[in-house]
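Below: one structure, written as structure tokens.
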Amino acid sequence: MDVPPLAGKIAALSLCALPVSYALNHVSALSHPLAVALMSALILGVLFVAIYSLSLGEISYDPLYAVFAVFAFTSVVDLIIALEEDGYVVGFMEFYTKEGEPYLRTAHGVFICYWDGTVHYLLYLAMAGAIRRRKRYRNLGLYWLGSFAMSILVFLPGNILGKYSSEIRPAFFLTIPYMLVPCWAGMKVFNQSRAPTCCTPNMVHEEQRKGLLRRPVDLALVIYLILAGFFTLFRGLVVLDCPTDACFVYIYQYEPYLRDPVAYPKVQMLMYMFYVLPFYGLATYALTFPGCSWLPDWALVFAGAVGQAQFSHMGASMHLRTPFTYRVPEDAWTCFFVCNLLYALGPHLLAYRCLRWPAFFLQPLLPGPPAHHKKQH
């Protein structure tokens, strides 16, 4: 997969978040939650107008260029929030985390801001650069879609259900476009044409004739998916207060963060159980029986989703903003990191396998009608 050059214009525009946030932090009028929400909406509106006027050609070619440009700006804002909450910078976004979205000051909020300000930011620049140069970015878009969707699906319910439910401010409703835009963007990404493969019909036929035991990489992935599926089900039962001794020992001695009243870890484990677990089952089927052409796309989506989720979950489990009683005990660090790193790595290996050797998943080509040759006289 070729990685397109980054969009320099979008990068320069997104860095305007630094002086803007610094200036707004010193405006005394922004000490009211409603004023913070209105000012945030105004800035995003002005930003969209500026992008539209400066990049009309790119937007007419692909409207997602404007979406990636605006989201790149918000990614820089999120990175500033994370750095400020960890004490690396001062005086930029304190007004917003106090009066706008105070739940961003949680350990989970800090780490989703880190992910958005680094991984998502680079993805936005790469996809915007691809649009500017009229190149494909479907694979990058699918990874971003899964990552972004998982972030929203855990963060928003966690805000409503957790201990910060009484801290909902008007700025919370600015997340509504964050829910709607990815739906539209995801449809456009999925509707883009796939990159052509170099697999000939003979290669596809030969690869699909092999059984699972003759494909050691696929066999290893199937074993991984089965084990990861059991681990997913187990942690889902843990957060549902399963009374077995194994669940009791795990939640108190290995991942006490699952008991944190902020609700993000509980929502995360339920998302795993209801969405990732069925995908693991379907992926096991697709690695066993040929012709499941849907797997490469969805493997990328779930790789992004699990990558984002595990980064936030592992980081929040150790962060100082998590109360000490809910942090991972020191004697369980090794087990915690090994299990969770493997859980994050597996979907990425699956996506890499699907993209690197796609022949097994392609639809077999049907033989065409026999050619009729006219008799030469």
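Just so you know, glycine gets a Cβ as well, placed from its N, Cα and C.
Which of 103-128, 311-336 counts as transmembrane segment depends on TrEMBL, and there it is 103-128. Tertiary proximity for the transmembrane segment (269-287) is limited to same-chain residues at least six positions away from its ends with a CB under 8 Å from its CB atoms, namely 150, 153-154, 212, 218, 221-222, 225-226, 228-229, 232-233, 235-236, 238-240, 258, 294-295, 298-299, 302, 305-306, 309, 350, 361.
DSSP assignment over the domain 'EXPERA' (61-186) gives 103 helix, 0 strand, 23 coil.
Assigned with DSSP, the residues of the domain 'EXPERA' (217-351) fall into helix, strand and coil as follows: 110 helix, 0 strand, 25 coil. Stretch with the largest number of CB pairs closer than 8 A to the transmembrane segment (33-52), among 64-83, 103-128, 140-162, 168-187, 219-240: 168-187.
Listed by sequence, the residues of this chain that lie at least six past the ends of the transmembrane segment (103-128) yet keep a Cβ under 8 A from its Cβ atoms are 3-7, 10-11, 14, 58, 64-65, 68-69, 71-72, 74-76, 78-82, 85-86, 96-97, 137, 140-141, 143-144, 147-148, 151, 154-155, 158-159, 162, 164, 167, 262, 264-265, 307-308, 311-313, 315-316, 319-322.
For the transmembrane segment (64-83), the list of distant contacts is 7, 10-11, 13-18, 21, 44, 47-48, 51-52, 55, 58, 89, 92-93, 96-97, 104, 110-114, 116-118, 120-121, 124-125, 127-128, 131-132, 141, 181, 185, 188-189: same-chain residues at least six beyond its ends, Cβ to Cβ under 8 Å.
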